[in-house]
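**Q** There's a structure below that I have some questions on.
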């Protein structure tokens with residue numbers, strides 16, 4: 001997936017390639033059946049209607065999987081309380097609701113993002129999943145029906161294998177039948193694996209990204225002492241590992257109804273049926289998710305990433321944010337802010353001189369920042385992740401912007417100063433009202 005998504009030229013050809021493949025298997029096959037000398041001859045009327053009906057359903061669902069917007073969050077003009085949700089997207093510069101991830105191809109946070117599919121050039125998300133699931137189902141049904149038609153003709157060839165060659169089909173017909181069969185077989189195999197994986201995601205209410213997160217969490221659970229012994233929070237206190245259960249599996253029927261946006265089973269496979277929508281008031285559909293209650297409290301998923309916490313803790317002390325100081329400076333006049341800026345410049349110069357003297361004098365216990373650690377951080381987010389799943393997948397492979405899709409345990413470490421000021425104002429106003 002990642003290779004197709006990362007090459008613009010190939011990414012631009014993905015959808016046209018799918019259209020060519022469907023046309024080849026769906027319509028070229030009917031030409032071969034109609035005009036070649038292959039027995040049992042052209043398709044019957046019922047076979048033609050059935051096959052073309054499946055193709056029509058395939059085209060409708062594929063079009064909708066491509067064109068339906070994957071969803072976007074619209075935040076109301078109000079101060080957003082993030083006390084129950086510390087996730088912040090430093091790409092969108094906005095809070096990140098539960099189960100959302102920032103797609104590096106769509107350029108925004110996607111509700112209940114499963115992955116960015118190169119073949120639809122769209123995200124499989126809370127709003128597009130029903131159409132993607134229907135597309136996979138009708139594609140597999142079409143391929144299986146075509147496979148049965150091809151098998152019927154191979155069966156006749158096998159029964160007539162002892163007849164003279166001049167009484168059999170033409171060479172062009174045999175070549176066409178062979179090519180169609182090979183393409184149909186490998187396409188069916190790939191699409192069958194995809195529909196099984198997607199159906200599993202549908203039944204257990206777990207996206208591919210969440211499966212990746214769960215596997216990572218299970219790996220950490222097998223060796224908590226190794227991965228968590230040196231992990232501390234911004235306040236210096238040790239963070240203890242807590243085993244979590246996936247919270248969004250609420251029963252197979254409720255899972256499936258939630259994904260399809262309706263409890264009406266008859267609409268689940270209807271190609272013109274709708275899809276879930278994102279609530280405009282900041283709560284409800286697309287924002288809040290029912291949990292199964294297996295964990296200590298709600299809202300703990302996704303589990304914290306020890307590598308992310310270490311990365312934040314390894315930052316320069318001078319680079320770590322002092323929120324109280326930032327808020328104090330925000331209330332100063334412009335002249336006072338300039339004076340504070342010159343004061344910080346002088347402090348930085350003195351700090352640089354001390355560092356230089358320490359290097360020249362070879363002070364052994366001087367706390368220098370390790371360049372190798374910086375390389376590890378860069379590799380972690382630029383091609384060489386800290387952890388990959390058993391099949392070698394990482395978040396980037398699903399279209400996720402890795403350096404933004406994090407659970408922030410650093411008490412708003414990435415929250416802009418303007419948002420902090422806005423929150424403080426609303427708290428002050430609430431206190432005045434009381």
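Yeah, the Cβs are placed from backbone N, Cα and C, and that goes for glycine too.
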**Q** Looking at 101-117, 118-134, 135-151, which one does TrEMBL call transmembrane segment?
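**A** Of 101-117, 118-134, 135-151, TrEMBL gives transmembrane segment for 135-151.
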**Q** Pick from 291-328, 329-366: which range has coiled coil per TrEMBL?
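**A** The listed stretch tagged coiled coil in TrEMBL is 329-366.
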**Q** Looking at the transmembrane segment (171-196) and the transmembrane segment (48-66), are there 3+ C-beta pairs under 8 A, with each pair at least 6 apart in sequence?
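**A** Since fewer than 3 Cβ pairs under 8 Å link them, the transmembrane segment (171-196) and the transmembrane segment (48-66) do not come into contact.
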**Q** With every protein chain in view, what's the tally of Cβ atoms within 10 Å of the Cβ of residue 117 (active site, S-palmitoyl cysteine intermediate), excluding that atom itself?
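**A** Here the count is 23.
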**Q** Sort the residues of the domain 'Palmitoyltransferase DHHC' (83-214) into helix, strand and coil with DSSP and give the three counts.
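**A** Result for the domain 'Palmitoyltransferase DHHC' (83-214), in helix, strand, coil order: 75 helix, 16 strand, 41 coil.
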